[in-house]
Amino acid sequence: MTNLHPTSKANNDEDEESDEDAEDDEEEEDEEKKPQMTFSFIKHQGCVNRIRATNFKNSVLAASWSELGNVSIWNITQQLQAVDEPTLLERYNLDTVSNPVKPLYSFSGHQQEGFGIDWCPTEPGVLATGDCRRDIHIWKPNEGGTWTVDQRPLVGHTSSIEDIQWSPNERNVLATCSVDRTIRIWDTRAAPHKACMLVAENAHEKDVNVLSWNSKEPFIASGGDDGCLHIWDLRQFPTSTPVGTFKHHTAPITSVEWHWTEPSVLASAGEDNQVALWDLAVERDDEEVVDEELKNLPPQLLFIHQGQTDIKELHWHKQIPGVIV
């Protein structure tokens, strides 16, 4: 038996080494499977307050609001191609050291910085921007990669423009919200001082922060500093009464967006570090036995995501319908 003992111990050592090797291999495989982020960048003057992208002709354009009060349009087609191809990315990074990317066009006519910005989805290249002074300017593209910005701002709001949303199906119509607690619907075919067609006065108890225009139904969702989510029917808009009000967030709402294929579904985010998923088609079943802790929650509230802080924006993924970014 004594002769077998060393052999047994050796075998055990070999097994332990084999197990350790297997664990190391698994760790290496797990490391390889971890997602890796590849990025290209553009140096931007001043903090980026908000950015929006669009397809225009054969390019992808991004419009950015700077804290310095300028709005710039960038062609980011090359950057997107570089992200997809490692060799292009390496070359791009080297080139931009000596040749920084410049914007296609910049506008410095706003008197203050701003946050409101949106590309028109039905008229390629048309842009609306709104600043903290209350001014809204409409941009229209020219031949040769420049834009004409109407120097006459749309007149109506009395305080900072917080968000802008173009109509998903009417190319001259847009909605805006403001610190003045109003939501306004505009028709850009009219003269700037007459372009405001509809107003919801006192739309929220405090600042109105964000808007989202439903792509399937005549509804607009709004979120405010009061933590409320309001649903507006454009057919009843002049009454200034929302057709639905949902109170779940305990702090100002920072983002809201309707799902692009499900007209009753939307998501909201707030300074309470929550992302909420809603389905407005859901109604409470009076016969259903509800848990005591859940009975005060709106039945339309499907899901709450917590664990992320300082959530500024959310968007539904256009290729994966069930994913929110």
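The count begins at 1 with the first shown residue.
Cβ coordinates come from backbone N, Cα and C, glycine included.
Worth saying up front: this structure is predicted, and the values here are computed from it rather than measured.
Lifted from TrEMBL, the feature list:
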COMPBIAS  1-10  compositional bias 'Polar residues'
REGION    1-38  region 'Disordered'
COMPBIAS  13-31  compositional bias 'Acidic residues'
REPEAT    154-189  repeat 'WD'
REPEAT    201-235  repeat 'WD'
REPEAT    246-280  repeat 'WD'
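For the repeat 'WD' (246-280), same-chain residues at least 6 beyond its ends with a Cβ under 8 Å from one of its own Cβ atoms are 206-207, 209-217, 219, 221-229, 231, 297-298, 300-316, 318, 321, 324. The average pLDDT for the repeat 'WD' (246-280) in the predicted structure is 97. Note: the repeat 'WD' (201-235) comprises 2 helix, 18 strand, 15 coil (DSSP; helix = H, G, I, strand = E, B).
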